[in-house]
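Here's the structure we're looking at; comments come further down.
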């Protein structure tokens, strides 16, 4: 798929991407001066004026002149107790022909849902069509909904009120100032001062806790299966955490924010101290962050020099002014270095954007930035993103991709391609996946959500065949190129939806044993995919690679549901959990979960009833 600490894993693009979301009050104390990021003369210290934040209200963004769907929002109540958001969206778009922007359910079953549209006319049409309409035996009610307040300004207003209340109290304690370097480490690598053995102990304890939650839920959801599991000693084991070979300088990918130093106001390339919704836009420098390599730090520092000399200011998420937004950095063991600068075009002409691109190219290729040794320099124009739109990377110099060595293979990596951020630990992870899959010359490996094919290709020598399935066509093209470049002839890759093609892959596998390996985004597998895995009779084992085992529990529990009209086929039961540490000095842990299809004969031998049948 998100997390509450800094390394929020986005499996669609990366796992463990640094986005700081925790900081003590001192971390945002001086943030008011970051209120505006406008175009300004070149120079490092260009402290943005405080006036912008002082004159804005939490609702100023709704009249900024830019599109925001919050202006066209409705609230729907009396929703059915059980429904799927995707199912309701299909009803709105396919049946009612409404152009929907996004949906957000209210907490609680059947409580309601917010729907945002693209314009006022569509909102009025939606209100007319939905108010009083029956859907899934529920009579809906619809009404206009107010826009939510800007989270940063709302947070600041609350903080100012709290400060005022505290100042009036004689018992108010002075705020303890914490050095910026420590605040940065606490936000980005919160376990930087925890001994590594203790980190591993905590991570394994976390997995045990999630397993206990799994069992409690399974007891309510499928009691007969739970009872059967409970009678088998050590049915589910949590193995000791397999450590990362490298605990410092291990990241091969970082996305750095471009903003302003919280104390000096200088333009800086680094990590956010806290999330926007927590009231901060401050960006801290990369000093003393142990997980960032010296080469990556040097490249970011040289790009920071260019930003400070540029006539274009960093983008301001509050006022939506400014240009420089982000820097993507990817490195490889072989010395490749990819930089992609993200730039908001605002009202600039194509000629002006072209000139800015050329300035960056000259700086990094022929100027002071050449010291970094960039092998791929790219540019990403990033204005407001429309639904379904992509932000392509434009090549300025060098190669459009980099090449990494993993498990003896040479793998091509495009700028946005998913690749584990800790290469050495990824080799440990893939070895664990192969071990859990119990591959041999008679086994076909079905690599579901295969991305660029790294798992399947790394394990191809252990299996009869590798059959990969991925929704993103460009990733499938990379997987095919990677197979060809490495002389792997027992692999095939398809682009499409898993629920539509999984049966085809199993038929393609032919006779013999088949094992599915699924490595989904952080949000997990969609319901239709878990249902497809359940009804695919030839599958007896699923190896699930989870970047967030707690988030993955929904999928694992769905695979264990009683047989029903929607979950056809015997359930999969959790048998083994193998944690692998890809993110040292953070709380995050990758987990390989092994699930096996329940054998109904075993249930009868145990004197238990077969899985109960329930109609969803």
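Cβ from N, Cα, C; glycine included.
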TrEMBL annotation of region 'Disordered' - which of the ranges 72-108, 109-145, 146-182 it falls on: 146-182
Residue 547 (active site, nucleophile) and residue 470 (S-adenosyl-L-methionine binding site), Cα-Cα, nearest whole angstrom: 18
Pairwise Cα distance for residue 547 (active site, nucleophile)/residue 519 (S-adenosyl-L-methionine binding site) [Å, integer]: 9
Cβ neighbour count (within 10 Å, all chains shown) around residue 519 (S-adenosyl-L-methionine binding site): 25
C-beta crowding around residue 420 (S-adenosyl-L-methionine binding site), within 10 angstroms: 26
Largest separation between Cα atoms (Å) of residues that the record links to S-adenosyl-L-methionine, namely 420, 470, 519: 17
